[in-house]
Structure formats: structure tokens, C-alpha cells
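Only one structure is covered here, and it is reproduced in the block below.
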Amino acid sequence: MMFKNFPFFKGKKDTSFDHLVEEVKKGYIPEHIAIIMDGNGRWAKRRAMPRIAGHHEGMQVVKKITKFASKLNVKVLTLYAFSTENWKRPKKEVDYLMKLPEEFLGTFLPELIEENVQVRVIGQQDRLPTHTRRAMEKAMEETKENTGLILNFALNYGSRDEIVSAVQHMMKDSEEGKVRVEDVSEEMLSSYLMTSSLPDPELLIRTSGELRISNFMLWQIAYSEFWFTDVYWPDFTEEHLLNAITDFQHRGRRFGGV
């Protein structure tokens, strides 16, 4: 079932936010939270600003939410940063988006290291500009020994492309005698995906009011709980994330059972 905002905190304004955080942490925290960060352009348009201003503001929110997810002991935070379809956007906007990882990591990497955060990337990295790829590679190298939150960027990522690539690699291994047809299973296909070393997302969040998945982790979200909000990504706060997790904690996850 899909929900929008869950008014759990209504009437609790006299309770400190830190206390609410501690109460939520007593419950089950999703191991893997995936977020479709949507609405940067519309946020900027409403303020008569260029779309890139929305992306810049959204970058600041990534910093804030990453630190908060780490505080909540979330194990994996996957952020849909740039899809394989986003190349269709105006060149000026795409060029700016390709500079954002460099800017983001240039200022935030020391904090990520201090917070014990490990940076990872999924997506077709070979098509990224050299400066973008180098910024991501540097961050991954410098945080690879960290054991805290895994900050996983989906950059030039498309789920259908990922699944096709997985099947191609599986067929190649079959031709080389490494895989037998009778061995093919869900677990085997999962092992060929870019997320093979990560647990599937338990909670998927999408901002901006759009109610669609947009080719994001289609295989991995088979049993994820969805949480939608009308809030644009630049306005997304720690309270919104806490609200989503609280909603998650109040749902009954049956995985096809009763």
C-alpha cells in the first residue's frame, strides 16, 4: 500500500526532536533506505530561480540527510542522483549536474570520513565525464575502509539497463561453462546486479508528489515499503525522514503471507 505523509508527530510539538529521535531508534530502523530526490527544478521555478539553483540547494539537503541517516544507524542510504534518461535534459543543466559530485565531495568528503561513512556508486560510470568519475573514485578510495553508513549514489543509473547487463553477464558465464541453466535463480540474478553486496531497500521515499518509480531499482524494491511526500527535495528535512521511518515502523510487512 502506498501512503503520503503520515501525521505521527501531530500534537507532539512540546516534545523535543532529540527525544523523538531516541524513541524512533528504539524501534526497527530500515537497514536500507532509498530516496528518489525529486523536485529540485520545480522548487527553483516557484522562486523564479534557474533550475540549477534547485540542484545546488538539493545538494545541501543531501549533506543534512546523510548525517541524520548516520545518526539513526541506517546501514545503507541510496540516493537517485542522475538517471540514464536525464541526459535528455538541457545541456547546461546536465553539465551542472555533472559538476555537482565534484563540488559536493570537495566540501563534504572530510565530514564523511569523520562520520565513518563509506561512499559507493551504482550506474554506468564509463559514460560520466572524467572529472565526475575521478571525484567519485577518489571518494570511494578514501572511504573504502569505513564501516558506518554506506552512502550509495545512483549516478547514470537505470534499472532496466542494470537488469539487461546482469542477464548479458550471466549468459556470457553460461557460454563459458560457469553457469548452468538449472542453476539460475532469483539469488543468482541478484548476484549479477550492481547492488549485489547490499541488502534490498526496505523503505523507498520519493519527494515532490510524483507517484512513480522512474526506472529505479525495479528488481530490488519488490518488497519495499513506499512513502511519498508532496515536499520538494530542497525542502526535505530530518523531520520528514523521521516521519517516513515512523510510518514504516507502523506497517505490517507480510511478504505475501498473512
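Just so you know, glycine gets a Cβ as well, placed from its N, Cα and C.
Taken from Swiss-Prot as is:
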- D38: active site (ACT_SITE)
- N86: active site, proton acceptor (ACT_SITE)
- D38, E225: Mg(2+) binding site (BINDING)
- 39-43, R51, H55, 83-85, W87, R89, R206, 212-214: substrate binding site (BINDING)
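Note: the CA-CA distance between E225 (Mg(2+) binding site) and G39 (substrate binding site) rounds to 21 Å. According to DSSP, H55 (substrate binding site) is assigned to a helical segment. The local packing around N86 (active site, proton acceptor), expressed as other Cβ atoms within 10 Å of its Cβ over all shown chains, amounts to 17.
Across the structure, I213 (substrate binding site) and D38 (active site) are spaced 11 Å apart at their Cα atoms. Figure note: comparing Cβ neighbours within 10 Å for the recorded positions D38, E225, the maximum is reached by D38. The Cβ of H55 (substrate binding site) has N40, G41, E93, Y96, L97, L100 as same-chain neighbours under 8 Å, each 6 or more residues away in sequence.
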